[in-house]
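**Student:** I have a structure I would like to understand better, so I am pasting it below and will then ask my questions one at a time.
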Amino acid sequence: KVWERCALARKLKELGMDGYRGVSLANWMCLTKWESDYNTDATNYNPSSESTDYGIFQINSRYWCNNGKTPHAVNGCGINCNVLLEDDITKAVQCAKRVVRDPQGVRAWVAWKNHCEGHDVEQYVEGCDL
């Protein structure tokens, strides 16, 4: 499912992401825009680590979910990676919250560092009537 921007912003807010671990809703929206373009079906394979990034948050199979084939996988969220591709993003949000609780925080996401950190991110929630 490709989410419409404001619909996703409302859903993330409803699921408690605005201000979670100090990360504003606008920053989460920027992150999901650049990681997946708001697409829950997005997957990207990383040959160097033989891992795959899944879903709207592009959560990685080396550390956070189990896909049955990533070497030395940890499964920090305790879920099957396919769960991260569901239209219902509740479990993906729970896992993203787990990721951001680590010391790295939101900096775990390369796209956030490259496209959101130090940028004006308000455009990602602009006009959404939140």
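Each Cβ is built from the backbone N, Cα and C atoms, and glycine gets one as well.
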**Student:** Which residue in the list Cys30, Cys65 does Swiss-Prot annotate as forming a disulfide bond with Cys116?
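**Tutor:** According to the record, the bonded cysteine is Cys30.
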**Student:** Please name the cysteine among Cys77, Cys81 that Swiss-Prot pairs with Cys95 through a disulfide bond.
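**Tutor:** The record-listed partner cysteine is Cys77.
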**Student:** Among Cys6, Cys81, which cysteine does Swiss-Prot link to Cys65 through a disulfide?
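**Tutor:** Checking Swiss-Prot, the candidate bonded to Cys65 through a disulfide is Cys81.
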**Student:** Among the disulfide-bonded residues listed here, Cys6, Cys30, Cys65, Cys95, Cys116, which has the most company in the form of other Cβ atoms within 10 Å of its Cβ?
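**Tutor:** Buried the deepest by this measure is Cys65.
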**Student:** Hey, what's the Cβ neighbour count for Cys81 (disulfide bond) at 10 Å?
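**Tutor:** I get 26 for this one.
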**Student:** Out of Cys6, Glu35, Cys95, which of these recorded positions is nearest Cys81 (disulfide bond) by C-alpha distance?
**Tutor:** Cys95
**Student:** Going by DSSP, give the three-state secondary structure for Asp53 (active site).
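**Tutor:** The three-state answer is strand.
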**Student:** Quick one: Cα separation, Cys95 (disulfide bond) versus Cys116 (disulfide bond), in Å?
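**Tutor:** That comes out at 20 Å between the alpha carbons.
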